[in-house]
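Trainee: Got a structure here, written out as structure tokens. Questions coming.
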Amino acid sequence: MQVFVILPAAGLGTRMAGPQPKQFLALGGIPILIHSLRTFAAVPRVTSMYVAVRKQETERVESQISEFGFAGRVHVVEGGEKRQESVANALSALPAQPDDIVLVHDAVRPLIDAATIERTIDAVAETGAAIVGMPAVDTIKQVERTAHGALVTATIPREFVVQAQTPQGFRFGLLQRAFAEATADGFVGTDEASLLERAGIPVAVVHGSQVNLKITQAGDLELAEFYLQQRNRH
Ligand code: C5P
């Protein structure tokens, strides 16, 4: 059984003001994307990694990959307009068998740790599909969007909610089937698990951590620097 990793890194990062997409910003002096690659590369069961980037970023990413010593183990593919397209492009480049495992990880979650990756692989090997999730600590409201903001329509009991993180892992055959069904129906999701859910495939949850944050908006980078310093101190 092989384990492939897909890192969608073709987003524009429009929610964070700045001259370049967030996956290329430096964290502790190293590009955000490289942090994730390093952690996955350190997991012995990982066979190879595929990074989806915008065409104009290909050269930059390829030179970073060789600079940090990943040449041969990391492949660059072209991303798409939507995250789902970026992942689909990487999927079609994988030399995988139906029983192999594919982990998809947001390139903008640089603080993923090896133990969580290992737990996700174990859960996928056992159940076929598993995602990293965090129990909700806030009270969750369902709302209706209005011209002036939002109106609460219901409270969703917290015990029924987890916040989906990545990695999200699947048997290659199941992921391919879910992507094919989504494409046929024109469905676009914000993560891979949503495609399996609508295909009726059960998805298990592995415990995540708040350190595995997604660098999305101003302030997130500073918080990630803090977590990184804490980690390096131990
Ligand atoms: O946009 P979102 O926050 O969901 O982005 C999550 C990840 O998906 C990021 O690493 C981003 O670079 C990637 N992405 C992509 N292709 C897109 C949009 C987002 O690879 N078209």
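Backbone N, Cα and C atoms are what each Cβ position is placed from, and that goes for glycine too.
These came from TrEMBL, pasted as-is:
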SITE      Arg15  site 'Transition state stabilizer'
SITE      Lys22  site 'Transition state stabilizer'
SITE      Arg158  site 'Positions MEP for the nucleophilic attack'
SITE      Lys214  site 'Positions MEP for the nucleophilic attack'
Trainee: Quick one: among the recorded sites Lys22, Lys214, which has the most Cβ atoms sitting within 10 Å of its own Cβ?
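Mentor: The most densely surrounded of these recorded sites is Lys22.
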Trainee: What is the total of other Cβ atoms whose distance to the Cβ of Arg158 (site 'Positions MEP for the nucleophilic attack') is within 10 Å?
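Mentor: Within a 10 Å radius of the Cβ of Arg158 (site 'Positions MEP for the nucleophilic attack') lie 13 other Cβ atoms.
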Trainee: What Cα-Cα separation, expressed in whole Å, is found between Lys22 (site 'Transition state stabilizer') and Lys214 (site 'Positions MEP for the nucleophilic attack')?
Mentor: 10
Trainee: Check the DSSP secondary structure of Lys214 (site 'Positions MEP for the nucleophilic attack'), expressed as helix, strand or coil.
Mentor: coil
Trainee: About how far apart, in whole Å, are the alpha carbons (Cα) of Lys214 (site 'Positions MEP for the nucleophilic attack') and Arg158 (site 'Positions MEP for the nucleophilic attack')?
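Mentor: That separation, Cα to Cα, works out to 21 Å.
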